[in-house]
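S.K.: Pulled these features from TrEMBL for this protein:
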DOMAIN    211-343  domain 'GGDEF'
TRANSMEM  12-32  transmembrane segment
TRANSMEM  38-58  transmembrane segment
TRANSMEM  78-98  transmembrane segment
TRANSMEM  118-137  transmembrane segment
TRANSMEM  144-167  transmembrane segment
């Protein structure tokens with residue numbers, strides 16, 4: 001995929017043609033009004049009609065297209081500033097072209113470009129005045145004003161369109177970054193950070209509205225031995241297989257995430273402990289039936305701890321600790337089983 005730096009010359013090329021062409025049209029009206037010489041017309045046509053294509057060719061052939069395009073942008077500024085003395089400092093088109101040129105430099109987002117362009121424009125204006133002579137005629141006719149209208153309108157629309165595309169691109173990239181933050185790449189389940197946010201929200205609802213919620217902590221039995229015996233590639237397959245089982249047993253409003261290396265956590269909002277235990281048993285049974293294509297003889301089992309939310313869980317850490325405690329009961333009881341705190345055990349102390 002092309003990087004934004006590589007895309008910049010191609011993106012600027014049509015805008016340079018449009019900008020130089022429209023600006024040249026305004027200058028042409030001024031030159032026509034004052035019946036300028038042939039040399040003045042050549043001085044107009046070279047930067048407005050020829051330069052955009054020369055700039056693109058220079059960029060295409062450059063070893064560093066980005067650096068070449070930055071240089072071209074500074075040349076743009078110099079050429080526009082040189083047109084001001086050519087118009088005898090006709091006020092409206094001079095101010096308009098200089099302002100739009102600076103806007104173009106600012107909207108590139110290149111740090112410090114507009115300040116460099118400002119000095120380049122000043123130098124080019126002085127040099128152009130020295131060559132052409134100082135002729136002061138700032139009055140702007142109605143004809144020139146009308147010629148300025150499409151420049152201002154189309155330039156504004158084109159800059160807005162480019163800005164809109166950049167905003168959309170930035171929004172897509174931010175969405176992708178948010179997705180990467182939320183979703184674990186290996187399993188497709190939620191990442192730990194997003195899972196914790198959802199778990200905290202479920203615990204808050206339990207404290208404020210008494211809405212039930214349960215947490216499941218799942219661990220792949222003997223996962224270290226599987227990794228040591230068959231390698232990390234098989235270990236990753238096992239993790240993905242268990243994640244597939246988990247996804248098939250949770251509802252749309254549940255939040256299943258990868259909590260650690262081979263440990264998964266599920267928050268089940270609005271669910272009583274007996275229903276959560278049934279889901280945990282179903283996950284455990286389906287895990288037993290998992291077979292890897294690359295290693296069909298491998299048997300995979302899981303241990304699962306279930307902990308319903310309770311008012312004595314003052315923090316998410318306390319709720320996780322309860323689910324972890326239930327998980328270790330399952331593991332210490334021989335693995336491949338489900339263990340959980342019953343509701344009566346979590347009843348508020350009298």
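The backbone N, Cα and C atoms fix where each Cβ goes, and this holds for glycine too.
Keep in mind the model is a prediction, meaning the values are calculated, not measured.
So that I understand the layout, could you describe where these features sit and how close they are to other parts?
M.R.: Within its own chain, the transmembrane segment (12-32) is flanked in space by residues 40-41, 44-45, 47-49, 51-53, 55-56, 69, 72-73, 76, 79-80, 83, 86-88, 90, 93, 96-97, 100, 104, 143-144, 147-148, 150-151, 154-155, 158, 162, which lie at least six positions past its ends and keep a Cβ under 8 Å from the stretch.
Among residues of the same chain six or more beyond the transmembrane segment (38-58), those with a C-beta under 8 A of the stretch's C-beta atoms are 9, 13, 16-17, 20-21, 23-24, 27-28, 31, 68-69, 72, 75-76, 79-80, 82-83, 86.
Only residues 6 or more beyond the boundaries of the transmembrane segment (78-98), in the same chain, are considered here, and those with a CB under 8 A from a CB of the stretch are 20, 23, 26-27, 30-31, 34, 36, 40, 43-44, 47, 51, 120-125, 127-129, 132-140, 144-145, 147-148, 151-152.
Residues 11, 15, 18-19, 22-23, 25-26, 29-30, 33, 90, 92-93, 96-97, 100, 103-104, 107 of the same chain lie 6+ residues outside the transmembrane segment (144-167) yet bring a C-beta within less than 8 angstroms of a C-beta in it.
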S.K.: Summarise the domain 'GGDEF' (211-343) as counts of helix, strand and coil residues per DSSP.
M.R.: 58 helix, 29 strand, 46 coil
